[in-house]
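Undergrad: Can you keep this structure in mind? I'll have questions shortly.
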Amino acid sequence: MSMSPTVIILACLGFFLDQSVWAHVGGQDKPFCSAWPSAVVPQGGHVTLRCHYRRGFNIFTLYKKDGVPVPELYNRIFWNSFLISPVTPAHAGTYRCRGFHPHSPTEWSAPSNPLVIMVTGLYEKPSLTARPGPTVRAGENVTLSCSSQSSFDIYHLSREGEAHELRLPAVPSINGTFQADFPLGPATHGETYRCFGSFHGSPYEWSDPSDPLPVSVTGNPSSSWPSPTEPSFKTGIARHLHAVIRYSVAIILFTILPFFLLHRWCSKKKDAAVMNQEPAGHRTVNREDSDEQDPQEVTYAQLDHCIFTQRKITGPSQRSKRPSTDTSVCIELPNAEPRALSPAHEHHSQALMGSSRETTALSQTQLASSNVPAAGI
């Protein structure tokens, strides 16, 4: 059993919307949570947490999933944004927000994406160096080393202007420090880097940043940033942009699909009208063909007439001298095919057959009278 293209398109569209577009719990979309100016905040600084929701919810509640609880978040609602100032180590952790409508207090959105806030400045800063040096040729491999006398468990490398960071475990070195080597691969263009240290027990509480390390590249530059060995979190902006693209694709499909279905319906209706008119046309053509004279049929009728005429004028004396065997004359006409005679031709043929039967009966009567002996002679 084959499925029509319309059914297949509707099934694919429903699967796409169910799997890709709607990221929801309880039938509602997720809000989007972000931090401004950055999710990496120095101790004593400030950060604004923002929630965005496309379905009209403009009142939100914010809660912290891990780390030390934040009392000012309890039973608090806010409009679109929430300012944390001054930032303390207790504010480090993962946040989510949920939206609701004031006229429908029981209708809540699904939890937003996780937003991780890192608080820096809690420990002494590490040092950052480059091998083979801070100035390299284009295409030359570069390795950045972050080290400290403190026994950090993890080092975090960030590039200026980038939201994500690279993370590697710290290992003891021969000189008594704890360090991590970040291989960047072939150098492409100059950038400025910093690194931080942290411990397993408090992964969101970082040290002071290292001194900035500018790496300059000589030669033809190109843009590249190595894939993180262990990314700490994904940027929310990229996920939000991806969701917007999927929403746009869904809207375009919903716009095009009705026109496609209307076009198919009109095409089928037009084809049905053409099929209904076609048999009448064939009948007209056949009727016109039957009215035309067929030269082969006329020739056949004239040939039979000549044969019957020849038999009529044959005398009795001649027939008595010949064997009583009728001679049939058959002439094969080229490419002759049996065809139905028109009413006029059929009437003419019946007339000829009747005339032929009368001629044959008269000839037999004359022959019988000539063979009977005269009485009284």
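Note that Cβ sites are derived from N, Cα and C of the backbone, with glycine treated the same way.
Per Swiss-Prot, signal peptide is recorded for 1-21, and the stated evidence type is similarity to another entry. Positions annotated as topological domain 'Extracellular' by Swiss-Prot: 22-242. Taken from Swiss-Prot, the feature disulfide bond covers CYS51-CYS97, CYS146-CYS195, and the record attributes it to similarity to another entry. Feature annotation from Swiss-Prot assigns domain 'Ig-like C2-type 2' to 139-202. The feature N-linked glycosylation site is assigned by Swiss-Prot to ASN141, ASN175. Annotation source Swiss-Prot lists transmembrane segment at 243-263, citing sequence analysis. Look at Swiss-Prot and you will find 264-377 tagged as topological domain 'Cytoplasmic', backed by sequence analysis. Taken from Swiss-Prot, the feature region 'Disordered' covers 338-377. The compositional bias 'Polar residues' feature in Swiss-Prot is assigned to 352-377.
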Undergrad: Please give me the CB contact count at 10 A for ASN175 (N-linked glycosylation site), counting all chains in the structure.
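TA: The Cβ of ASN175 (N-linked glycosylation site) has 8 Cβ neighbours within 10 Å.
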Undergrad: Among the recorded positions listed here (CYS51, CYS97, ASN175), which has the Cα closest to the Cα of CYS146 (disulfide bond)?
TA: ASN175
Undergrad: Distance check, please: Cα of ASN141 (N-linked glycosylation site) against Cα of CYS51 (disulfide bond), rounded to an integer number of angstrom.
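TA: Computed Cα spacing between ASN141 (N-linked glycosylation site) and CYS51 (disulfide bond) is 41 Å.
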Undergrad: Sort the recorded positions CYS51, CYS97, ASN175 by C-alpha distance from CYS195 (disulfide bond) and give me just the closest.
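TA: Comparing Cα positions, the closest of these recorded positions turns out to be ASN175.
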Undergrad: Do you know offhand how many angstrom separate CYS51 (disulfide bond) and ASN175 (N-linked glycosylation site) by C-alpha?
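TA: On Cα coordinates alone, these residues lie 48 Å apart.
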Undergrad: Between CYS97 (disulfide bond) and ASN175 (N-linked glycosylation site), find the distance joining the two CA atoms and give it rounded to the nearest Å.
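TA: Computed Cα spacing between CYS97 (disulfide bond) and ASN175 (N-linked glycosylation site) is 47 Å.
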Undergrad: Is it possible to list how many residues within the domain 'Ig-like C2-type 2' (139-202) are helical, extended or coil according to DSSP?
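TA: Here the numbers are 0 helix, 40 strand, 24 coil.
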Undergrad: For CYS51 (disulfide bond), just count the other CB atoms lying within 10 A of its CB, please.
TA: 27
Undergrad: Given the recorded positions CYS97, ASN141, CYS146, CYS195, which one has the fewest other C-beta atoms within 10 angstroms of its C-beta?
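TA: Selected from the recorded positions CYS97, ASN141, CYS146, CYS195 on minimum Cβ neighbours within 10 Å: ASN141.
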Undergrad: Please compute the mean pLDDT of the model over the topological domain 'Extracellular' (22-242).
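TA: Across the topological domain 'Extracellular' (22-242), the average pLDDT comes out at 85.
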